[in-house]
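S.K.: Submitted below is the structure of interest, expressed as structure tokens.
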């Protein structure tokens with residue numbers, strides 16, 4: 001086949017990289033041949049400029065560095081380096097997984113501690129032994145592996161999902177296929193276009209979501225990949241992408257303590273920090289909600305354990321207290337320190353009025369309250385789930401639409417937000433007006 005079939009093409013994009021080589025070529029095919037023959041580094045992509053007929057071979061692709069618009073440039077990325085799954089035993093796997101199935105970080109292939117390796121970049125230059133990424137240089141039947149950083153475990157296998165062509169794992173957040181029609185057959189609108197539908201899902205605001213061409217994607221945690229359509233009468237629609245037949249990848253044993261925002265927490269704490277028992281995720285009483293385990297198979301929504309399926313500040317749950325819809329949970333930090341609540345010493349919903357109040361209509365309010373007057377959690381402004389809307393950070397750049405904090409971008413009577421309750425689009429926030437006599 002054509003040499004360019006092994007590359008993913010993106011028009012009008014330039015990527016910033018220090019490790020590159022310049023060549024003069026007549027066309028993209030010649031540039032691809034330069035990339036294949038590159039000996040100064042491992043060529044993952046190349047840029048071709050039509051006017052100057054200039055070819056740049058690159059050690060990095062768009063997953064690894066910064067991108068920006070450049071009208072005359074065409075970016076070609078080697079598909080093998082974009083795959084985060086393995087074909088067969090994964091001998092050609094070139095993804096960036098760097099830990100074993102148990103979660104132990106991999107040792108760098110070029111290092112000699114804690115284990116002296118038999119497989120090194122010098123001995124096996126074509127095996128892709130870069131950094132500490134999982135690889136299969138010896139054709140092991142069990143798939144990609146690595147030497148580990150645990151002195152007691154010389155090597156172990158990595159948990160790399162199987163590639164199954166145009167299928168999706170979980171809710172398709174990592175789907176990178178090329179389906180570009182919706183389930184009713186409508187053609188998708190390009191992500192870099194604002195016609196016929198204006199939107200905030202751009203590469204600039206969602207750099208890691210692979211919003212290329214007009215391919216179906218799931219950048220906002222929807223049920224499955226979707227796209228804006230080219231029909232003026234249908235803003236968006238889901239795409240018909242089948243689920244992979246293999247099981248979703250298991251993330252080791254899951255974390256039993258709080259690391260980062262706790263999205264990987266899989267412990268069994270099932271009580272909130274104020275002592276309320278958690279509601280089961282598959283129950284709709286006392287609180288109705290959209291986080292149904294069958295819909296989100298990779299979020300760990302088991303029993304009534306505290307989880308963070310939506311990128312909140314830390315794990316939380318709906319409570320069995322009918323007057324308290326949800327609360328954060330007290331999860332011990334992985335480093336052993338006491339849990340700290342980002343500068344807050346109060347419970348969700350309990351607002352210290354000296355700090356959390358607004359003046360006039362609250363258009364200047366820049367606090368961090370994210371609870372509505374009825375106790376519902378706010379939806380993030382750059383999210384379209386569960387409610388699609390036009391109040392995006394790029395359309396209201398001066399309104400400070402960060403995270404899911406209460407704001408008043410449209411001159412309403414007081415700060416408000418969209419809610420995470422699918423049945424309630426928006427509500428005013430649990431905020432009091434500042435006493436005008438209080439010293440600023």
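Keep in mind that glycine also has a Cβ here, set from the backbone N, Cα and C atoms.
The annotation disulfide bond is assigned in TrEMBL to 167-244, 188-227, 216-239, 257-334, 278-317, 306-329, 357-434, 378-417, 406-429. What TrEMBL lists as domain 'Apple' is 1-81. Among the features that TrEMBL reports, domain 'Kringle' is placed at 84-163, 166-244, 256-334, 356-434.
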S.K.: Quick one: of 216, 257, 306, 406, 417, which disulfide-bonded residues lie within 10 angstroms of residue 317 (disulfide bond), measuring between C-alpha atoms? Sequence order, please.
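M.R.: Within 10 Å of residue 317 (disulfide bond): 306.
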S.K.: By DSSP, how many residues in the domain 'Apple' (1-81) are helix, how many strand, and how many coil?
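M.R.: Going by DSSP assignments, the domain 'Apple' (1-81) contains 17 helix, 36 strand, 28 coil.
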S.K.: Please average pLDDT over the domain 'Kringle' (256-334) for the predicted structure.
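M.R.: That region's mean pLDDT is 89.
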S.K.: Relative to the domain 'Kringle' (356-434), which of 84-163, 166-244, 256-334 accounts for the most Cβ pairs at distances under 8 Å?
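M.R.: It is 166-244 that shares the most Cβ pairs under 8 Å with the domain 'Kringle' (356-434).
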S.K.: Near residue 329 (disulfide bond), which residues of its chain come within a Cβ-Cβ distance under 8 Å, counting only those 6 or more away in sequence?
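M.R.: Same-chain residues close to residue 329 (disulfide bond) (Cβ under 8 Å, separated by 6 or more) are 269, 271, 272, 273, 278, 306, 314, 315, 316, 317.
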S.K.: Between residue 417 (disulfide bond) and residue 406 (disulfide bond), how many Å separate their Cα atoms?
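M.R.: Counting only the Cα atoms, the answer is 5 Å.
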S.K.: Count the residues of the domain 'Kringle' (84-163) that DSSP assigns to helix (H, G, I), to strand (E, B) and to coil, and report the three numbers in that order.
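M.R.: Breakdown, helix to coil: 0 helix, 13 strand, 67 coil.
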S.K.: Using Cα coordinates, what distance in whole Å links residue 406 (disulfide bond) and residue 334 (disulfide bond)?
M.R.: 30
S.K.: Which entry in the list of disulfide-bonded residues, 257, 406, 429, has its Cβ near the fewest other Cβ atoms, using 10 Å as the limit?
M.R.: 257
